[in-house]
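Let me begin by presenting the structure, written as C-alpha coordinates, before commenting on it.
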Amino acid sequence: MRILHTSDLHIGKNLNDFNLLEDQSYILGRICDIAVREKVDAVVIAGDLYDRSIPPSEAVVLLDDFLSTLTMQLHLPVIAISGNHDGGKRLAFASRLYESQGLYMESIFSSKIRQITLPDAYGEVHFWLIPYADLPTMRGVLTGAAQMEPPDTLSGAYGKLFELNRDRVDFSARNVLVGHSFFARITNGSAEPDALIFSESEVSVGGTDIVDATVFDGFDYVALGHLHAPQKAGLDTVRYSGSPLKYSISEADRDKAVVIVDLGPKGQVSSHPVPLAPLRDLRILTGYLGELTDRDNLPIQNFDDYVFVNLLDEGFVLDAMNKLRVIYPNVLGIRMVAQDEEVLLHPVSTAHISKKSMEDLFTEFYEAARGESLGEEQAQIMEDVFTYVRRQEEGGAGA
(Lines of atoms letter the chains of each structure in order from A; the text may use other names.)
(Lines give C-alpha, C1' and ligand atoms only; values in the text may rest on other atoms or scores of the structure.)
Protein backbone atom coordinates (compact mmCIF):
# COMPACT_ATOMS: atom_id res chain seq x y z
CA MET A 1 0.00 0.00 0.00
CA ARG A 2 1.27 3.44 -0.92
CA ILE A 3 0.16 6.26 1.40
CA LEU A 4 0.43 10.03 1.02
CA HIS A 5 0.97 11.56 4.47
CA THR A 6 0.32 15.27 5.04
CA SER A 7 -0.87 17.46 7.91
CA ASP A 8 -1.27 21.00 9.23
CA LEU A 9 -3.15 22.42 6.25
CA HIS A 10 -4.36 25.35 8.41
CA ILE A 11 -6.97 26.30 5.82
CA GLY A 12 -8.23 29.83 6.46
CA LYS A 13 -4.99 31.08 7.99
CA ASN A 14 -3.73 34.63 7.46
CA LEU A 15 -0.04 35.46 7.40
CA ASN A 16 0.12 38.85 9.12
CA ASP A 17 -2.53 40.75 7.15
CA PHE A 18 -2.40 38.54 4.03
CA ASN A 19 -5.15 36.06 3.21
CA LEU A 20 -3.53 32.77 2.16
CA LEU A 21 -6.60 31.11 0.66
CA GLU A 22 -5.32 31.40 -2.92
CA ASP A 23 -1.95 29.96 -1.88
CA GLN A 24 -3.68 27.14 -0.02
CA SER A 25 -5.96 26.32 -2.94
CA TYR A 26 -2.92 26.11 -5.20
CA ILE A 27 -0.90 23.84 -2.90
CA LEU A 28 -3.86 21.51 -2.24
CA GLY A 29 -4.16 21.15 -6.00
CA ARG A 30 -0.49 20.17 -6.15
CA ILE A 31 -1.06 17.56 -3.43
CA CYS A 32 -3.83 16.05 -5.57
CA ASP A 33 -1.43 16.04 -8.53
CA ILE A 34 1.18 14.21 -6.45
CA ALA A 35 -1.41 11.66 -5.35
CA VAL A 36 -2.09 10.88 -9.01
CA ARG A 37 1.55 10.96 -10.14
CA GLU A 38 2.76 8.77 -7.27
CA LYS A 39 -0.18 6.38 -7.69
CA VAL A 40 -1.04 6.39 -4.01
CA ASP A 41 -3.68 4.11 -2.52
CA ALA A 42 -4.73 6.32 0.41
CA VAL A 43 -4.24 9.81 1.86
CA VAL A 44 -3.63 10.51 5.56
CA ILE A 45 -4.14 14.01 7.02
CA ALA A 46 -2.73 14.17 10.55
CA GLY A 47 -4.68 17.09 12.00
CA ASP A 48 -5.12 20.87 11.77
CA LEU A 49 -7.23 20.82 8.64
CA TYR A 50 -8.42 24.31 9.58
CA ASP A 51 -6.56 27.15 11.26
CA ARG A 52 -9.30 27.89 13.77
CA SER A 53 -12.13 26.03 15.43
CA ILE A 54 -14.75 28.20 13.70
CA PRO A 55 -13.31 28.60 10.20
CA PRO A 56 -14.49 31.23 7.70
CA SER A 57 -16.94 29.98 5.08
CA GLU A 58 -14.35 30.25 2.29
CA ALA A 59 -12.10 27.85 4.20
CA VAL A 60 -14.94 25.35 4.57
CA VAL A 61 -15.59 25.47 0.82
CA LEU A 62 -11.89 24.93 0.03
CA LEU A 63 -11.56 21.93 2.34
CA ASP A 64 -14.76 20.47 0.89
CA ASP A 65 -13.34 20.87 -2.63
CA PHE A 66 -10.06 19.22 -1.62
CA LEU A 67 -11.65 16.24 0.10
CA SER A 68 -14.22 15.82 -2.68
CA THR A 69 -11.47 15.76 -5.31
CA LEU A 70 -9.55 13.07 -3.43
CA THR A 71 -12.51 10.84 -2.62
CA MET A 72 -15.02 11.36 -5.44
CA GLN A 73 -12.81 12.19 -8.43
CA LEU A 74 -9.62 10.29 -7.61
CA HIS A 75 -11.47 7.57 -5.65
CA LEU A 76 -8.91 7.57 -2.85
CA PRO A 77 -9.77 6.79 0.76
CA VAL A 78 -8.89 9.72 3.03
CA ILE A 79 -8.09 9.12 6.69
CA ALA A 80 -8.02 12.29 8.81
CA ILE A 81 -7.97 13.37 12.44
CA SER A 82 -8.54 16.73 14.11
CA GLY A 83 -5.68 18.82 15.46
CA ASN A 84 -5.48 21.45 18.18
CA HIS A 85 -6.63 24.19 15.78
CA ASP A 86 -9.72 22.28 14.62
CA GLY A 87 -13.19 22.30 16.14
CA GLY A 88 -13.57 18.60 16.80
CA LYS A 89 -17.34 18.59 17.16
CA ARG A 90 -17.79 20.53 13.94
CA LEU A 91 -15.54 18.18 11.99
CA ALA A 92 -17.50 15.26 13.42
CA PHE A 93 -20.73 16.42 11.73
CA ALA A 94 -21.97 13.71 9.31
CA SER A 95 -18.58 11.97 9.53
CA ARG A 96 -20.12 8.49 9.58
CA LEU A 97 -22.19 9.38 6.52
CA TYR A 98 -19.06 10.49 4.65
CA GLU A 99 -17.48 7.08 5.14
CA SER A 100 -19.61 5.73 2.30
CA GLN A 101 -17.55 8.03 0.04
CA GLY A 102 -14.23 6.95 1.56
CA LEU A 103 -13.68 9.83 4.01
CA TYR A 104 -12.79 8.59 7.50
CA MET A 105 -12.74 11.52 9.93
CA GLU A 106 -11.97 11.01 13.62
CA SER A 107 -12.21 14.26 15.55
CA ILE A 108 -13.36 13.50 19.12
CA PHE A 109 -10.94 11.83 21.53
CA SER A 110 -12.05 8.47 22.92
CA SER A 111 -10.53 5.93 25.29
CA LYS A 112 -11.12 3.36 22.53
CA ILE A 113 -8.79 4.20 19.65
CA ARG A 114 -10.68 4.24 16.35
CA GLN A 115 -9.59 1.53 13.91
CA ILE A 116 -10.00 1.70 10.13
CA THR A 117 -8.98 -1.28 7.98
CA LEU A 118 -8.11 -1.05 4.28
CA PRO A 119 -7.12 -3.99 2.04
CA ASP A 120 -4.17 -4.25 -0.32
CA ALA A 121 -2.26 -6.94 -2.23
CA TYR A 122 -0.65 -8.27 0.96
CA GLY A 123 -3.77 -8.41 3.12
CA GLU A 124 -5.05 -5.72 5.46
CA VAL A 125 -3.60 -2.50 6.85
CA HIS A 126 -5.06 -1.28 10.14
CA PHE A 127 -5.11 2.48 10.76
CA TRP A 128 -5.42 3.69 14.37
CA LEU A 129 -6.67 7.26 14.76
CA ILE A 130 -5.98 9.46 17.80
CA PRO A 131 -7.34 13.01 17.37
CA TYR A 132 -5.74 15.82 19.35
CA ALA A 133 -6.74 16.21 22.99
CA ASP A 134 -5.21 18.28 25.78
CA LEU A 135 -4.30 16.79 29.15
CA PRO A 136 -7.52 17.75 31.02
CA THR A 137 -9.62 16.18 28.25
CA MET A 138 -7.56 13.00 28.23
CA ARG A 139 -7.69 12.77 32.02
CA GLY A 140 -11.47 13.06 32.05
CA VAL A 141 -12.02 10.52 29.28
CA LEU A 142 -9.50 7.96 30.52
CA THR A 143 -10.48 8.03 34.19
CA GLY A 144 -14.12 7.78 33.15
CA ALA A 145 -13.38 4.69 31.08
CA ALA A 146 -11.32 2.79 33.65
CA GLN A 147 -10.48 2.86 37.33
CA MET A 148 -7.07 4.52 37.29
CA GLU A 149 -5.12 7.36 38.82
CA PRO A 150 -5.46 10.51 36.71
CA PRO A 151 -2.26 10.90 34.66
CA ASP A 152 -0.07 13.88 35.60
CA THR A 153 1.49 14.45 32.19
CA LEU A 154 0.49 14.17 28.56
CA SER A 155 3.06 11.42 28.12
CA GLY A 156 1.48 9.55 31.02
CA ALA A 157 -1.97 10.00 29.49
CA TYR A 158 -0.83 8.46 26.20
CA GLY A 159 0.75 5.62 28.14
CA LYS A 160 -2.60 4.91 29.84
CA LEU A 161 -4.40 5.16 26.50
CA PHE A 162 -2.17 2.46 25.01
CA GLU A 163 -2.54 0.29 28.10
CA LEU A 164 -6.29 0.28 27.46
CA ASN A 165 -5.92 -0.50 23.75
CA ARG A 166 -2.78 -2.58 23.27
CA ASP A 167 -4.65 -5.90 23.43
CA ARG A 168 -6.76 -4.74 20.47
CA VAL A 169 -3.72 -4.28 18.23
CA ASP A 170 -2.48 -7.34 16.34
CA PHE A 171 1.20 -6.52 15.96
CA SER A 172 1.71 -9.48 13.64
CA ALA A 173 -0.39 -7.51 11.12
CA ARG A 174 0.49 -4.14 9.57
CA ASN A 175 -0.54 -1.13 11.64
CA VAL A 176 -0.39 2.60 10.96
CA LEU A 177 -1.05 5.12 13.74
CA VAL A 178 -2.19 8.70 13.09
CA GLY A 179 -1.66 11.32 15.83
CA HIS A 180 -1.28 15.04 16.50
CA SER A 181 0.89 16.38 19.33
CA PHE A 182 4.54 16.86 20.37
CA PHE A 183 6.23 13.44 20.22
CA ALA A 184 9.90 12.56 20.79
CA ARG A 185 11.80 9.59 22.12
CA ILE A 186 12.53 10.25 25.79
CA THR A 187 15.63 8.85 27.47
CA ASN A 188 16.33 9.19 31.20
CA GLY A 189 13.38 11.53 31.61
CA SER A 190 14.25 13.97 28.82
CA ALA A 191 13.83 14.16 25.06
CA GLU A 192 16.77 13.19 22.88
CA PRO A 193 19.04 16.17 22.04
CA ASP A 194 17.69 18.25 19.17
CA ALA A 195 14.79 15.83 19.00
CA LEU A 196 12.28 18.24 17.46
CA ILE A 197 12.44 21.24 15.14
CA PHE A 198 9.97 23.95 16.15
CA SER A 199 8.79 27.06 14.34
CA GLU A 200 8.14 30.31 16.21
CA SER A 201 4.41 29.53 16.49
CA GLU A 202 5.01 26.12 18.09
CA VAL A 203 5.81 26.23 21.79
CA SER A 204 6.62 23.33 24.07
CA VAL A 205 6.43 24.55 27.65
CA GLY A 206 9.55 23.18 29.31
CA GLY A 207 9.01 19.86 27.55
CA THR A 208 6.04 19.02 29.78
CA ASP A 209 3.79 18.51 26.77
CA ILE A 210 6.21 16.24 24.89
CA VAL A 211 4.94 12.67 24.66
CA ASP A 212 7.36 9.76 24.75
CA ALA A 213 7.28 8.32 21.23
CA THR A 214 8.22 4.87 22.53
CA VAL A 215 4.48 4.34 23.05
CA PHE A 216 4.40 3.77 19.27
CA ASP A 217 6.88 0.89 19.33
CA GLY A 218 5.49 -1.98 17.30
CA PHE A 219 3.57 0.14 14.78
CA ASP A 220 4.78 -0.14 11.20
CA TYR A 221 4.40 3.58 10.51
CA VAL A 222 3.29 6.55 12.60
CA ALA A 223 1.88 9.54 10.68
CA LEU A 224 2.12 12.66 12.83
CA GLY A 225 0.97 16.25 12.66
CA HIS A 226 1.52 19.38 14.80
CA LEU A 227 5.07 20.39 13.87
CA HIS A 228 5.49 22.32 10.63
CA ALA A 229 8.98 21.07 9.71
CA PRO A 230 9.22 17.62 8.05
CA GLN A 231 11.15 15.43 10.48
CA LYS A 232 11.30 12.11 12.24
CA ALA A 233 10.46 11.62 15.92
CA GLY A 234 13.28 9.28 16.85
CA LEU A 235 12.71 6.55 14.26
CA ASP A 236 12.46 6.75 10.48
CA THR A 237 9.01 5.16 10.71
CA VAL A 238 7.69 7.83 13.12
CA ARG A 239 7.37 11.01 11.08
CA TYR A 240 5.95 14.50 10.94
CA SER A 241 5.04 15.42 7.37
CA GLY A 242 5.20 19.13 8.17
CA SER A 243 2.83 21.77 6.84
CA PRO A 244 2.43 22.17 3.06
CA LEU A 245 3.14 25.92 3.24
CA LYS A 246 5.44 28.19 5.25
CA TYR A 247 3.23 29.68 7.95
CA SER A 248 5.76 31.78 9.88
CA ILE A 249 8.95 33.73 9.20
CA SER A 250 10.97 31.11 11.09
CA GLU A 251 10.01 28.60 8.38
CA ALA A 252 11.51 30.67 5.53
CA ASP A 253 14.52 28.38 5.05
CA ARG A 254 12.59 25.11 5.38
CA ASP A 255 11.51 23.18 2.33
CA LYS A 256 7.99 21.76 2.36
CA ALA A 257 6.92 18.30 1.25
CA VAL A 258 4.46 15.48 1.61
CA VAL A 259 5.66 12.03 2.67
CA ILE A 260 5.06 9.00 0.47
CA VAL A 261 5.00 5.79 2.52
CA ASP A 262 5.28 2.32 0.99
CA LEU A 263 4.01 -0.60 3.05
CA GLY A 264 5.04 -3.96 1.65
CA PRO A 265 4.64 -7.25 3.47
CA LYS A 266 4.96 -7.08 7.26
CA GLY A 267 8.29 -5.53 8.20
CA GLN A 268 8.93 -3.84 4.87
CA VAL A 269 8.36 -0.08 5.18
CA SER A 270 9.99 2.79 3.34
CA SER A 271 9.22 6.48 2.93
CA HIS A 272 10.45 9.44 0.93
CA PRO A 273 9.52 13.14 0.72
CA VAL A 274 8.02 14.71 -2.39
CA PRO A 275 8.77 18.47 -2.45
CA LEU A 276 5.99 21.05 -2.67
CA ALA A 277 6.54 24.25 -4.68
CA PRO A 278 4.25 27.08 -3.50
CA LEU A 279 2.48 29.71 -5.56
CA ARG A 280 4.39 32.33 -3.56
CA ASP A 281 7.44 31.50 -1.48
CA LEU A 282 8.29 33.09 1.88
CA ARG A 283 11.73 34.69 1.98
CA ILE A 284 13.91 36.78 4.28
CA LEU A 285 15.84 39.54 2.48
CA THR A 286 18.80 41.27 4.12
CA GLY A 287 20.47 44.41 2.81
CA TYR A 288 20.41 48.19 2.53
CA LEU A 289 17.21 49.82 1.27
CA GLY A 290 18.98 51.18 -1.81
CA GLU A 291 20.24 47.72 -2.76
CA LEU A 292 16.91 45.99 -2.20
CA THR A 293 15.07 48.53 -4.37
CA ASP A 294 17.67 48.74 -7.16
CA ARG A 295 15.64 47.48 -10.13
CA ASP A 296 18.81 46.55 -12.04
CA ASN A 297 20.03 44.17 -9.34
CA LEU A 298 17.06 42.77 -7.39
CA PRO A 299 17.72 39.76 -5.11
CA ILE A 300 14.67 37.68 -6.16
CA GLN A 301 12.80 36.98 -9.39
CA ASN A 302 9.27 36.37 -8.11
CA PHE A 303 8.31 39.75 -6.66
CA ASP A 304 4.97 38.39 -5.46
CA ASP A 305 6.73 36.22 -2.87
CA TYR A 306 6.08 37.02 0.78
CA VAL A 307 9.17 38.75 2.14
CA PHE A 308 10.42 39.86 5.53
CA VAL A 309 13.22 42.41 5.30
CA ASN A 310 16.24 42.87 7.54
CA LEU A 311 17.38 46.44 6.77
CA LEU A 312 21.04 47.21 7.44
CA ASP A 313 20.64 50.99 7.16
CA GLU A 314 21.67 52.92 10.26
CA GLY A 315 19.47 55.65 11.65
CA PHE A 316 15.92 56.51 10.64
CA VAL A 317 14.83 55.36 7.17
CA LEU A 318 12.01 57.49 5.80
CA ASP A 319 9.00 55.59 4.40
CA ALA A 320 10.92 52.32 4.12
CA MET A 321 7.84 50.08 4.04
CA ASN A 322 6.15 51.90 1.16
CA LYS A 323 9.39 52.04 -0.83
CA LEU A 324 9.77 48.29 -0.44
CA ARG A 325 6.14 47.64 -1.35
CA VAL A 326 6.64 49.31 -4.73
CA ILE A 327 8.90 46.34 -5.59
CA TYR A 328 7.60 43.67 -3.20
CA PRO A 329 3.83 44.04 -2.71
CA ASN A 330 3.70 41.25 -0.12
CA VAL A 331 6.10 42.66 2.48
CA LEU A 332 5.38 41.05 5.85
CA GLY A 333 7.52 43.37 7.93
CA ILE A 334 10.85 45.08 8.50
CA ARG A 335 13.55 44.64 11.09
CA MET A 336 16.01 47.48 11.54
CA VAL A 337 19.14 45.47 12.29
CA ALA A 338 21.23 48.41 13.55
CA GLN A 339 18.55 49.38 16.07
CA ASP A 340 17.54 45.74 16.69
CA GLU A 341 13.97 46.89 16.24
CA GLU A 342 11.14 45.16 14.44
CA VAL A 343 8.60 47.47 12.85
CA LEU A 344 5.37 47.11 10.94
CA LEU A 345 5.33 43.35 11.36
CA HIS A 346 1.56 43.52 11.74
CA PRO A 347 0.45 46.60 9.80
CA VAL A 348 -3.14 47.44 10.73
CA SER A 349 -5.16 50.08 8.92
CA THR A 350 -8.57 51.53 9.64
CA ALA A 351 -9.72 50.01 6.34
CA HIS A 352 -8.56 46.62 7.59
CA ILE A 353 -10.47 47.06 10.85
CA SER A 354 -13.64 48.28 9.15
CA LYS A 355 -13.78 45.15 6.99
CA LYS A 356 -13.47 42.78 9.94
CA SER A 357 -16.25 41.46 12.14
CA MET A 358 -16.00 41.83 15.91
CA GLU A 359 -15.38 38.08 16.10
CA ASP A 360 -12.47 38.24 13.65
CA LEU A 361 -10.89 41.23 15.40
CA PHE A 362 -11.17 39.58 18.81
CA THR A 363 -9.74 36.34 17.42
CA GLU A 364 -6.75 38.20 15.95
CA PHE A 365 -6.22 40.04 19.24
CA TYR A 366 -6.39 36.81 21.24
CA GLU A 367 -3.93 35.02 18.94
CA ALA A 368 -1.50 37.96 19.06
CA ALA A 369 -1.73 38.32 22.84
CA ARG A 370 -1.72 34.62 23.80
CA GLY A 371 0.25 33.10 20.95
CA GLU A 372 -2.40 30.42 20.45
CA SER A 373 -5.74 29.97 18.74
CA LEU A 374 -9.11 30.11 20.41
CA GLY A 375 -10.33 26.72 21.54
CA GLU A 376 -13.73 25.48 20.45
CA GLU A 377 -15.33 26.25 23.83
CA GLN A 378 -13.70 29.70 23.97
CA ALA A 379 -14.86 30.47 20.44
CA GLN A 380 -18.41 29.53 21.37
CA ILE A 381 -18.30 31.81 24.43
CA MET A 382 -17.06 34.63 22.19
CA GLU A 383 -19.94 34.06 19.77
CA ASP A 384 -22.47 34.05 22.62
CA VAL A 385 -21.09 37.30 24.07
CA PHE A 386 -21.15 39.16 20.75
CA THR A 387 -24.63 37.86 19.97
CA TYR A 388 -25.79 39.20 23.34
CA VAL A 389 -24.09 42.57 22.72
CA ARG A 390 -25.73 42.91 19.31
CA ARG A 391 -29.14 42.14 20.74
CA GLN A 392 -28.62 44.72 23.46
CA GLU A 393 -27.60 47.30 20.86
CA GLU A 394 -30.61 46.49 18.70
CA GLY A 395 -32.88 46.76 21.71
CA GLY A 396 -31.39 50.13 22.67
CA ALA A 397 -31.74 51.44 19.13
CA GLY A 398 -35.40 50.52 19.06
CA ALA A 399 -36.21 52.09 22.44
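All positions are counted from 1 along the displayed chain.
Heads up, the Cβ atoms here are built off N, Cα and C, so glycines get one too.
For reference, TrEMBL has these:
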- 1-230: domain 'Calcineurin-like phosphoesterase' (DOMAIN)
- 278-368: domain 'Nuclease SbcCD subunit D C-terminal' (DOMAIN)
Exercise for review: Looking only at the domain 'Calcineurin-like phosphoesterase' (1-230), report the model's average pLDDT.
Suggested key: 91
Review point. In the domain 'Nuclease SbcCD subunit D C-terminal' (278-368), how many residues does DSSP call helix, how many strand, and how many coil?
Key: 29 helix, 21 strand, 41 coil
